[in-house]
């Protein structure tokens, strides 16, 4: 183990999705001999099956590598893997805070994309040394000089020394390691000072409680030491320390500059929040890390078990997921249409998909999920402000003074050919254009303010389809703005179905209501009586569709004879249908709730 910090290098890899970040990490591990051939597997650091399958990194991981440089000196390299997706932007910023350098991976066939830029700016905010790497040079469509020029033009980094590499073929890996050793500064920090460490990830281990991934900046961590978390003042005793190389192995101490895991009998992941500062209980540090914030969910949806008996199992599954994911929230809710379930909060759409997929895959649950909604701010006539994440909880129109909805600032990177289609899409989503600048001859950066409610629905999919997959999106929350919003209720035979109600912009309400009714007419099965499907704003019905009734041919047995005989039978049938309608209730199939999600814009 290096005696001084001079031989330690802490770095992370930043890249847009699919630019080859996890593959590069695999090659670095193999090149330094950290992972033996026996354990090697693709995307080594992505532990979750889902991460491998979707090719995305969800949780941060770290690994320590020993590397003998070309000058014969042994170095200790700590790779801190960061999630690349915009939903996890805060986790990325905390992971970057734990490093001194970053490898910027750019795909030689794609060039610079939106999330690459977003992460680079964060890295520059943390004063990291950035090493550009142009990946996938083995592909026939690779354009290395073009990408080099783009890195200089768009990001403003000197790309003359950018390493051309192919993580897949293992080209250029040695050069990357040399650049890390040469360019990334060693960590500063005094091992004797009061302890100061940042938590950049934490997860739950069923045997040891919460495991915290920390980077020590000042002081030393040792077993039996009393530590304190700055944000909530809770105190714990360190039980064990370890490092990943790449499998966890225990160490006796972690000193300034090092990265490792701490187990300290913490029972809840909520206590060890990402971005919090760890310090000594007896002599706390004077300056904890700035920028700590509690991550708030932005998107909500109801999750209900299809079988009522799975309710407890769903609760257990959600509890377990929450142990590992402090940003995920849930609370019980009841719906007259769907029974008992939970209202869950997520960071964004990808986060929502991942949680739902994990519930279905890891816990074998079959679920109904309602349309995603966002948090609205309602000021009532008394002047009170309430936040509402469920359309069903919206107060009656008469009591609302104003309604505000969250807005995002979206940065879209695209090819110049697709600008028209993208501007049209943003316009349709009630977007306001803020900026449009050309980056070279082929790429363009478009900045729009768009309401979050318009983005959560299917904006990302639409963006990909109008740009043939080339556009990339990055967004941050801008704040709340007042809007003319109404609650659209769906009534079936005059009864409102709470799980189908949505909050929409008044201009869109008629259009949306009509489409919903048409969609529901297709999925609600015929009954023995007529079923009326109506869309309403308050007491005003704005659209209606009817599902026709089944009819038995009651006059089949009459041959000839008087018309009054037939009329009597038909009248009797009508009476019966009327009575049925009064007592009958319509069973709404699962497809109906999904239909709400799939209404084409």
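The backbone N, Cα and C atoms fix where each Cβ goes, glycine too.
Swiss-Prot lists 6-188 with the feature domain 'tr-type G'. The GTP binding site annotation in Swiss-Prot covers 18, 19, 20, 21, 22, 23, 135, 136, 137, 138.
Remark: of the binding-site residues 22, 135, the most isolated position is 22 (fewest other Cβ atoms within 10 Å of its Cβ). Around the Cβ of residue 137 (GTP binding site), 20 further Cβ atoms fall within 10 Å across all displayed protein chains. If you average pLDDT over the domain 'tr-type G' (6-188) in this model, you get 73.
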